[in-house]
Each structure stands twice: as structure tokens, then as C-alpha cells.
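Database features (TrEMBL):
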- 31-52: transmembrane segment (TRANSMEM)
- 43-297: domain 'G-protein coupled receptors family 1 profile' (DOMAIN)
- 64-84: transmembrane segment (TRANSMEM)
- 104-126: transmembrane segment (TRANSMEM)
- 147-165: transmembrane segment (TRANSMEM)
- 188-215: transmembrane segment (TRANSMEM)
- 235-254: transmembrane segment (TRANSMEM)
- 281-300: transmembrane segment (TRANSMEM)
Amino acid sequence: MEADAGRGANGSWGAGRCHVAEDYKRVYLPVTYSLVLALGLPLNGAVLWLAWCRTRRWSCSTIYLANLMVADLLYLATLPFLIVNYSLGDRWPFGAALCRLVRFLFYTNLYGSVLLLTCISVHRFLGVCYPVRSLALRTRRLARRGAGAAWALVVAQALPTLAFSETGARAGRTVCYDLSRPDNFGRFFAYGALLTFSGFVLPFLVILVCSWLMVRSLLRPAEARAGAGARAKSVRTLLAVCGLFALCFGPFHVTRSVYLVFRLRDTSCALLTGLSAAYKLWRPLVGLSSCLNPVLFFLCGGSNRVRLLRELWPRRLAP
């Protein structure tokens, strides 16, 4: 996310009451987005190619992960526009339609990733805690429906950003507002709060509950458990999902929520400046999930690692 609601590109709040120099964005954001693009594009492309062209029978996890890679690639496709925008000093040269599309795809990737990771966590939880009773729920048909429902829900959640995200003139240049225009901030605040609760808080609670119940199941006596290898794989996957939330999604939502609350209260310039800086520093790390999501593909099956390496280096790794 790139420009702030209630702020101009030069870092001003309200009717010019608070002015903040944000020259660091001209270096920090292009560099971080370039790194995410350079790492995420080949990783997601390789995993999606392996799943699509070299996997004959997709498992439920593969279905969810392939959709996750598609969401990542849609987000990565927007990064060149943002890199140019910040390299030009927060000047948006691509028009209003692309401004809306870039913001929409950001939220689609963010909350699409959250929902698909939640689906993966629930799937792993059912396989560990209810391996027999949940067989009817862990089918490829239901996985496809679950992924489709996740896409439909996240598109519905992100659609309002097409109305809130606009271009505007600021200090003689055109900017692309990330959240909303300053005069529309009150309405955006209500939408942003609902989006954070439904798109992040609720899924995160589901993942935490699944993690706790899975750990409780794994602490039972060894003789009451079977399939230790599959269980260990499920635990690794769930821990990786929790790590993604803790590193990429949690800090972003916390800093953004605190910033928006204090922005609504029209607090002091010094405090608002600090909150804005914290929010902006964490913001590009959301895109880091696009580099880390492919790791889940290999955690979900050790054979995936071997198959990809054999495709890349067939002579060295020939059996």
C-alpha cells in the first residue's frame, strides 16, 4: 500500500497542518519492491509451472497452493508500476484506471493469501485431528470449491477499493491515493475496520484454534497416534503459516489500524508522524509473503522438492 488516506504525497495531513518529509520512500520502497519482484516472480512461476505441467494428480493442498501462487503473481505484476511511481517521487503517470487496479490487486492478494492459508490450515487440522471422520471433507472437489469460494469472498471484500482509490493533484503532480482521498477518509475508516476484522482477525483466530487443537492432539500418548510422518508435515505447514502471519500480515495490520485510529482522532503531528513511519516501514513486508508462500509447496510434500530440482538439474539428480 502506497499513499496514505488523509495525506498528500508530500506527507501533509489535514489542511496543511502537518508536513512530513518522506524522501526515504523514494529509495526504500523501490528497493524493497524490486527485491520482492526479483525473488517472488521466479519462485512463484517455478512452483506454478511444476504444479501445472509436472503434477499429474493434484492433491487438496496443491489446489490451494496453486491458487495462492496465482494470487502472488497478480500482485507481483503490479510492482513495476509502484517502483516507477516511487522512483519518480510519488508521481503517478499511469492514469486513474491503473491506480484503481493496482490497489485492488494489492488487497486481493493480501486477503486472498490469508483465506487460502486458512483453508490449508483447516485442511491440515482435519487430517491430523480427525483423519477418518474428515475424509469426506478432504476431497479435491471440495478443495476446488473452497478455493473458488475464497476468491469470490476476497473479490467482494476488495471491490470497494475500486471506489476509494483515486488519483488526485498534490503539489503540482498526480498521486495515486492508496486508501482514499482526504475528504473521504471517514467512510474509508469504517470500511477499513470491517476489512481488517473479516479479512485478517477472523481467519487468524481460526488458524490459532486449529494450531492449538493440533498441538493438543499431538501431545497424546504415542500409541494413540499413527502416521507420525504425515503429522510432522502438517505441523511444519501450520507453523509456516503462523510464521507468515506473524512476519508479514500481523505487523502491517497492527500498525495500519493504530495509524488510522489516531488519524481519525486528529492527534498531534509528532505522534501521527511516528505512526505513519511505522506503518510505511512494515508495508512492503506484506509483499514478502509472495516470496515465502512458495516454501509451503515444498513443506507440503518432500517429493515436490526433489521433482523441482530434477527438472532444473536433470543430469546431476538423475536416480
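Residue 1 is the first one shown; counting continues down the chain.
Cβ from N, Cα, C; glycine included.
Long-range neighbours of the transmembrane segment (281-300) within the same chain, counting only residues 6 or more positions beyond its ends whose Cβ lies under 8 Å from a Cβ of the stretch, are 1-2, 28-29, 32-33, 36, 39-40, 43-44, 46-47, 50-51, 59, 61-62, 65, 68-69, 72, 75-76, 79, 109-110, 113, 120, 233, 236-237, 240-241, 244, 247-249, 251-252, 255-256, 308. Note on the transmembrane segment (31-52): residues 58, 62, 65-66, 69-70, 72-73, 76, 79-80, 82-83, 86, 284, 287-288, 290-291, 293-294, 297, 304, 307-308, 311 of its chain, located 6 or more positions outside it, place their CB under 8 angstroms from a CB of the stretch.
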